[in-house]
Amino acid sequence: MTAPVHGAPRRRVARPPVARGWAARLRPAVVVALVVLVMGVPLWLVVVTAGKSQGEALSPDLSLPSRWQLWDNLAQVWEQGEVPKAFLGSVLVVAPSVALVLAFGSMASWILARRATRLNAVLYALAISGIVLPPAVVTIVLLLRQLGLAGSPVGMIGVYVGIYLSTVIFFVTGFVRTVPLSLEEAARMDGAGPVRVFFSVILPLLRPVLATATILICLYVWNDVFYAFFVIGGRLDTLPLNLFQVANAGLYLNNWHLIFAYIILMSLPLLVVLAVAQRKIISGITGGAVK
Amino acid sequence: MPTGRQTLTRPARRVPAARPAPRGIARDRTHPMWFLVPAFVILFVFFFLPTLFNFIYAFTDWSSFKSDIRPVGFDNVTALLSDGTLFSALRITVVYAALVALLQNLFGFGLAVLLEKDTWLNRAARLVFVIPVLMSALAVGYLFQALLKPDGSLNDLLSALTGQQVEIAWLGSTTWTLVLAAAIHAWKWMGLSMLIYLAGLKTVPEDVTEAARIDGATGWQAFWAVRFPLLAPAITFNVATALLGSMNGFDIVQALTGGGPARSTEILNIFIYRTFGQGLFAQATTMSLVLFLMVALLAFPVIRVLRKREDIL
């Protein structure tokens with residue numbers, strides 16, 4: 001690529017001008033300053049406030065606590081926010097929701113991608129409309145009451161699956177279309193039925209797209225409070241719902257140290273996952289968005 | 001993820017069938033329609049049915065105060081129109097969503113350009129900017145409430161920098177608090193936009209920029225005239241998701257201001273949550289229907305415009 005092309009002045013191909021050199025040298029400093037100001041200050045505030053006593057945390061500032069009592073505070077919110085129960089509640093809702101939305105979504109996507117009938121085009125459009133359209137939160141409550149599912153984990157799971165199926169179907173259908181039909185046919189020649197073809201040929205090939213969907217949906221469901229307020233309405237503990245309770249009680253009493261301790265406890269699982277699987281997560285999130 | 005030409009708004013082009021399409025019966029055997037059933041049953045029960053109910057219960061007097069539900073025609077709509085709530089909530093939501101879409105993309109794009117090179121420092125910085133994406137939005141709201149209090153850390157920092165006492169009530173303005181809330185929403189999600197812009201920048205082949213350079217373009221020109229237009233799918237995805245995410249927004253604003261001061265940051269979902277909590281189910285449903293119609297009306301033109309931009313390229 002460095003060979004000069006007809007008549008192109010040589011200096012264009014050569015090193016960038018001096019001004020760029022300055023910009024390049026300044027860049028790391030800008031990066032560090034941005035990280036410290038934009039991210040460092042808020043995150044530092046969380047950590048130091050969570051380590052303070054109630055008196056010191058009354059008006060949260062950036063100073064170090066005179067005596068670190070992070071562990072005491074964490075232990076206190078562990079009790080008060082019923083963290084083990086809320087953690088179990090969150091897992092109880094998140095795991096089945098994600099599993100079902102991926103399974104049902106990929107099954108439907110396979111057919112929608114492979115059978116190009118007019119009916120299926122309509123069904124596809126309906127299925128992905130949920131990416132854009134907001135769910136009807138209030139009437140969902142009414143419906144769940146009529147079904148006897150109000151306030152139950154089953155109802156919550158159904159609502160999450162209904163909301164996020166659109167996203168899964170949209171991403172997976174696009175992906176299935178790029179999988180060559182010949183792979184399926186080879187299995188079919190060997191006498192595999194549709195269930196067998198789907199689970200042993202198609203599903204393994206969908207791994208990258210399912211990884212992206214899993215990450216995004218886990219994030220949304222794990223952190224959701226809005227739909228949980230309506231559907232669960234205090235009859236099941238989840239981590240974000242209990243944060244809301246701890247914070248409402250805490251704001252009243254100015255217990256900032258407890259609010260921030262709870263935030264640390266709640267964010268920790270996701271941060272650990274990010275630290276362990278950063279490369280997979282980052283490539284996973286972005287895989288489907290561009291191209 | 002989908003290779004080929006799929007984007008959020010454009011399904012991948014169908015690969016033309018290599019042979020004449022098998023008859024319906026053969027397809028039934030190889031790709032049976034019952035695979036669609038579980039997904040569509042759930043979609044129907046938990047998504048379409050409640051949406052249909054919206055169109056019915058918005059015109060009733062459903063509330064927690066009495067057991068029977070009777071139709072009342074347009075009473076809820078006229079009530080919300082006459083006290084100005086409907087328009088103010090609509091205006092606040094649209095302004096909030098537009099600001100979030102703008103700021104989140106500016107921040108995310110800036111970060112992506114700044115952190116494009118794969119040095120260890122940039123990689124670490126990218127990771128730090130992803131942390132808020134993983135955090136609970138509620139937590140982000142509380143965090144900034146503490147930071148922006150009149151006696152909070154931001155004023156302390158400013159006082160230290162300027163040498164005089166700064167006591168700005170950041171969350172006390174009926175005009176600017178909404179802007180701040182949008183900026184905070186953008187702060188939480190800018191890491192995701194950054195990752196998507198970074199992935200978009202990576203898809204631009206090296207030799208395209210190289211060719212531009214050889215043709216005599218400066219680095220600046222090569223960037224804006226060659227690489228930037230090729231980011232169109234990433235921009236579509238980011239603007240669309242930011243816009244829709246913020247129109248459905250709730251947690252950040254609820255935790256930051258709870259809708260105040262003087263209800264100047266009360267976006268539609270906060271209104272719905274508040275009226276639902278008061279037992280005024282029909283009013284909440286009416287607002288939910290308004291949100292549905294607004295998103296439906298706004299989303300499709302926005303997506304069409306963005307798609308057209310992609311098609312020109």
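Even glycines carry a Cβ here, placed using N, Cα and C.
As given in TrEMBL:
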{"type": "REGION", "residues": "B:1-20", "note": "region 'Disordered'"}
{"type": "TRANSMEM", "residues": "B:33-57", "note": "transmembrane segment"}
{"type": "DOMAIN", "residues": "B:90-302", "note": "domain 'ABC transmembrane type-1'"}
{"type": "TRANSMEM", "residues": "B:94-115", "note": "transmembrane segment"}
{"type": "TRANSMEM", "residues": "B:127-148", "note": "transmembrane segment"}
{"type": "TRANSMEM", "residues": "B:168-187", "note": "transmembrane segment"}
{"type": "TRANSMEM", "residues": "B:280-303", "note": "transmembrane segment"}
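Highest Cβ pair count under 8 Å relative to the transmembrane segment (B:280-303), across stretches B:33-57, B:94-115, B:168-187: B:33-57. Among residues of the same chain six or more beyond the transmembrane segment (B:33-57), those with a C-beta under 8 A of the stretch's C-beta atoms are 69, 281-282, 285, 288-289, 292.
Sequence-distant neighbours of the transmembrane segment (B:168-187) (same chain, 6+ residues past either end, Cβ-Cβ under 8 Å): 92, 95-96, 99-100, 103-104, 106-107, 132, 140-141, 144-145, 148-150, 152, 154-155, 158, 242, 246, 249, 252-253, 256-257, 260-262, 264-265.
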